[in-house]
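Q: Have a look at this one before I ask anything.
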Amino acid sequence: MNSNQTRTVKIAPSILSADFARLGEEVKDAERGGADWIHIDAMDGRFVPNLTFGPLAVDAVKQHTSLLLDAHLMIVEPEKYVNDFAKAGADLITVHAEACPHLHRVVYQIKEAGAQAGVALNPHTPLSAIEEVIADLDLALIMTVNPGFGGQRFIERGIDKVRRLRELADQVGHAKLHIEVDGGISSATAASVVRAGADVLVAGSAVFGTPDRKAAIEAIRSAASS
Ligand SMILES: O=C(CO)[C@H](O)[C@H](O)COP(=O)(O)O
Ligand SMILES: [Fe+2]
């Protein structure tokens, strides 16, 4: 598989923008609306200037959906918590390269815990940070905002970064690598990142910030295929 056209685009609503008091209903609403994965943002107040939730939220969401649970760990020393996230039901666990001096070890810790392994890069972090582990990854996440908050503006330079990452994955013969983009994704930005080679689109405010989640997901999917 070399062509972007053969890749099915997945939409992963981020519960960061959901109504936490009705989390179960919110997740079901996204699933009924056509979501492919559910994205769960764990923030520790250290790696990013915001605090959210940990493995308990994964366990809670798991009770309400059979969709793949995609845990995005914006935390320092993620190796301390990876096993707990996997036990709680995270199917895919993504750590930040910037938080891992021993990235290769953490990637294998995630796999040994039974989850798929992802690595995220902040907007300023070069692709070279994952070059030596790319063949071991199930997913690479390109941040198109500085992590920490929903509802921020999409950083356009992420588009070219996605394109270069897809080239790198092709060079090492890893056509199945998922390339996820996170931050400011909407029907206005989806087409550009998919054309560049992304196949997983995280969308928080664009889905949960509007009452009709089905319409929001369909709008992103239709833009992505345009
Ligand atoms: O990781 C994140 C923030 O750090 C969130 O997944 C992301 O911001 C989703 O929100 P939005 O789609 O509103 O930008
Ligand atoms: Fe995220």
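Numbers run from 1 along the shown chain.
Cβ coordinates come from backbone N, Cα and C, glycine included.
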Q: Have a look through His64, His72, His174 and flag the one TrEMBL assigns to the divalent metal cation site that His39, Asp41, Asp182 belong to.
A: His72
Q: In Å, rounded, how far does the Cα of His39 (divalent metal cation binding site) sit from the Cα of Gly150 (substrate binding site)?
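A: For His39 (divalent metal cation binding site) versus Gly150 (substrate binding site), the Cα atoms are 12 Å apart.
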Q: Can you give me the same-chain residues 6 or more apart in sequence from Ser205 (substrate binding site) with a CB-CB distance under 8 Å?
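A: Long-range Cβ contacts: Ser17, Gly150, Gly151.
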Q: Beyond Ser14, His72, Gly148, Phe149, Gly150, Gly151, Asp182, Gly183, Gly184, Gly204, Ser205, what residues of that chain have CB atoms within 8 A of the centre of the substrate site's CB atoms?
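A: The answer, listed by sequence position, is Leu16, Ser17, Asp41, Val145, Pro147, Gln152, Val202.
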Q: Taking the center of the Cβ atoms of His39, Asp41, His72, Asp182 at the recorded divalent metal cation site, which other residues in this chain have a Cβ no more than 8 Å from that point?
A: Ala12, Ser14, Leu16, Ile40, Asp70, Ala71, Thr94, Leu141, Val202, Gly204
